[in-house]
Amino acid sequence: MQRISSLIHLSLFWAGVMSAIELVPEHQTVPVSIGVPATLRCSMKGEAIGNYYINWYRKTQGNTMTFIYREKDIYGPGFKDNFQGDIDIAKNLAVLKILAPSERDEGSYYCACDT
């Protein structure tokens, strides 16, 4: 029997970016099965996503915030092999794929933008 984990996908807005911009998660909670690829999406409202750098972070139960990905294929230590970030300019959307989720990937995921 496969264990089901739950990844919570929330948006985070960084200071220094105009207040008219909003990052909106596609879903607040994304159910994920161990080993089955999962996709998190975050859209930008109020501005073109191509004008900003998009970053993804994970917060674990211990409240540790860890950098996962920044646009232009920059990954945090240990994330490059199992995570894939992308920007869909046409849809004004940031995408983070977890290629083979495991129990250690459980947590709250945040998308953020900066210039």
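From the backbone N, Cα and C atoms, a Cβ is placed for every residue, glycine too.
A disulfide bond in Swiss-Prot ties Cys42 to one cysteine from Cys111, Cys113, and that cysteine is Cys111.
Across the disulfide-bonded residues listed here (Cys42, Cys111), the residue whose Cβ sits among the most other Cβ atoms within 10 Å is Cys111.
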